[in-house]
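Enquirer: Have a look at this one.
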Amino acid sequence: MDILLVMGKIFLQFFWIIMDDFMNVISTAWRDLPGLRQLFPNAKKEPIYYSRKKGRESVASLFMTVEETPEPIPVKVKGEIPKWLRGKLLRNGPGKFEFGNDMYNHWFDGMALMHQFRIEDGNVTYMSKFLRSETYQTNTANNRIMVSEFGTLAMPDPCKNIFARFMSKFEIPKASDNGNVNFARYKGDYYATTETNFIHKVDLNTLDTIEKVDWTKFIAVNGATAHPHYDPDGTTYNMGNSYGKNGTAYNIIAVPQQKSDDEETLEDARVVCQITPGNSMKPSYYHSFGISENYVVFVEQPLKINVLKILTSKFRGESLSCAFNWEPELNTVIHVANKHSGEIVPFKYYSKAFSTFHHINAFEDDGFIVLDLCGLDNGDIMNKINLQNLRQSGEALDEVYNTLPKSLPRRFVLPLNINSNTPINQNLNTLTYSNAVVFRTADGKIWCEFEDLHDDDLLDEGGMEFPQINYAKYNMKKYKFLYGCGINNIMVDSLIKMDVETKKFKMWKEKGYYPSEPVFVPSPDSADEDDGIILSVVVSPNQNKSSFLLILDARTFTEIGRAEVAVRIPSGFHGVFAAK
């Protein structure tokens, strides 16, 4: 009888998934009827910038399994490395893409490989280690994929009997602890992070995995982003979802600075406030968020996560990625909350549909929040960067690249002083240095139109991603310089320094090489915003070319030196510089 009840529940869930998809199709068709199109202004197709270039170089080897380098090895230095530069550049990303005969499907799925470039007195060493997560160890012990990842569904254990394998289809997917996205700092320690509820404390000297920490044991959230923000008062801010009887909520989280040496990592963490999704069963995906002196800014984009599809993914034989859906008929909604009091600003800001992975900066000025981010006019990119596509070559690679929307730096201006007397259909932006448009509509909504922080020349470089600034001195402040990566291949292939005032940029590029996210390190006692260096790990699919740590003068954006590594390094995601 219990089995029949379970089967009945699963059938009802499956039925509602089908009905939901059916209603989405009907809704889209309804909006496309010519006589009713004006009733749904956002259904109008907006221009999306694609490429038509051909002859992309295959980068397949950058998405293949490599061996770890568990002991530091010397590297060959060319040029000069500033004597004042002392510390460790840490990088994180996938480095193992199969176990036995089981292969991962998506770039996000690979096992976390941590990299360390130790820099001291002009010398550099390199080492790497796989994060010893429970997922990694379980997969290794069984020589097969035992834990599902974003784009890969773990198959039932063939050693189980038929009944056990059948019943495993009704289990809620277990969250992976494969922290392959970034390094985050909490209370002075560094943690390998992903977007689930698990983070791992790492020894920066040895890259050993020390301790696994579960967010849910300290605070009622089911995960957190891999891009926290650090406040000058020592508080670390992050965002995470929670799931309860009333559906999903977006949570702004604060982790206070350390009080004693023996306290837990996330001890005294608290939820500053909760933001309710437009649809609690279809919350938005988010990878990062913005923070200013007094506010947290959250972008609720039309890239939706179908909670019911996640809960029934094993039953339907689909990975978690199948629960992500781009719904361009919806607006993007921007929420603002006071990070000190938790009070949510009583009005929302609306924009045309766009998606975003990475925020650049946010700051307050004369009653406005200036919000800068990298935006895309299409949200299906996550399905495009699966391993099958990333390993393509020739015309097939060109076709994949030419269907990717460009990520571009954009600025929104959000007025904070809105009331019933605010004029309608009048641009409220009074900041002289921005041509972003924001106005109050007749129905009371605050509608935003972004300003491009670039000119047309950036389109020729494929747009920009992995944005960074002089975070230590200019986060939450008005700034001038933005650093990022140009994307003229399926993988980033240049480094860019953008002047957000003139919208002109400088570029570093070398044929056959692919850099990583630029990390800005300020010079000692620096006065100017761009007084410092840029660190980036540069890799190549050509086995005859060495990977290297690149050091650029941030002011001139010219090479100072490089440190060549005699081992293969795969393409990764994010990293930080930990100064001594």
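We number each residue from 1, going along the chain as drawn.
Here the Cβ of each residue, glycine as well, is placed from N, Cα and C on the backbone.
Reproduced below are the annotations present in TrEMBL:
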BINDING   His227, His287, His358, His574  Fe cation binding site
Enquirer: Counting across all protein chains present, how many other Cβ atoms fall within 10 Å of the Cβ of His227 (Fe cation binding site)?
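Expert: Around the Cβ of His227 (Fe cation binding site), 20 other Cβ atoms lie within 10 Å.
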Enquirer: Measure the Cβ-based neighbour count of His358 (Fe cation binding site), defined as the other Cβ atoms within 10 Å of its Cβ.
Expert: 20
Enquirer: In the same chain, outside His227, His287, His358, His574, whose C-beta lies within 8 angstroms of the Cβ mean position for the Fe cation site?
Expert: Val181, Asn182, Thr225, Ala226, Ser288, Phe357, His359
Enquirer: Counting other CB atoms within 10 A of each CB, which of the binding-site residues His287, His574 comes out lowest?
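Expert: Comparing Cβ neighbours within 10 Å for the binding-site residues His287, His574, His287 has the fewest.
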